[in-house]
Amino acid sequence: MKYGIVLFPSKKLQDIANSYRKRYDPNYALIPPHLTLRTPFEVSEDEISGVVRHLRELSKELKPVTLKITKFSSFAPVNNVIYMKAEPTEELMQLHEKMYSGVLEDKPEYAFVPHVTVAQKLSDDEHSDVLGTLKMRDASHEEVIDRFHLLYQLDNGSWTVYETFILGA
């Protein structure tokens with residue numbers, strides 16, 4: 001089964017992200033706005049209990065993280081994804097690194113750029129127009145997130161929470 005590990009921001013930030021995602025993100029209905037801590041990975045049913053145990057231990061060691069959204073940005077020209085950029089704080093970077101340790105040990109596929117996606121799979125022209133508009137808006141937002149979530153993917157492609165882990169508990 002395919003799993004992923006994410007932070008879900010507050011409803012306030014999710015509402016802001018969704019106001020764009022409804023129109024510009026074809027994955028809008030598959031998963032709420034989130035910050036990916038670990039890209040999707042395959043784990044068998046036999047192995048998932050070990051993963052959950054490992055994540056429980058990690059959650060006790062780690063503290064809640066401050067999420068500071070600073071601006072709208074893009075991964076162009078690599079791809080036409082537009083996102084709300086999160087400041088790569090030490091605590092957020094550490095949380096990401098821990099998601100690739102222990103039974104989950106692996107090398108991340110990409111450098112970690114903490115973000116919340118608001119638009120993807122846009123044409124070049126649409127990407128340019130949307131990004132130009134969003135860059136003029138104030139994206140400043142700060143909040144503390146005290147939990148992360150292990151998600152799994154359903155047959156229809158949507159993601160749902162398998163387990164939630166409280167940071168520092």
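Any Cβ shown, glycine's included, is placed from N, Cα and C.
Among the ranges 103-106, 115-118, 119-122, 143-146, the stretch that Swiss-Prot annotates as motif 'HXTX 2' is 115-118. Among the ranges 2-5, 34-37, 98-101, 134-137, the stretch that Swiss-Prot annotates as motif 'HXTX 1' is 34-37. Long-range Cβ contacts of the motif 'HXTX 2' (115-118) within its own chain (Cβ-Cβ under 8 Å, at least 6 residues beyond either end) map to 9, 13, 17, 20-21, 24-25, 27, 33-35, 69, 72-73, 81-86, 134.
Listed by sequence, the residues of this chain that lie at least six past the ends of the motif 'HXTX 1' (34-37) yet keep a Cβ under 8 A from its Cβ atoms are 4-9, 67, 86, 95-96, 99, 114-116, 148. For H34 (active site, proton donor), the number of other Cβ atoms no farther than 10 Å from its own Cβ, over all displayed protein chains, is 21. For the pair formed by H34 (active site, proton donor) and H115 (active site, proton acceptor), distance between Cα atoms is given as 8 Å, rounded to the nearest Å.
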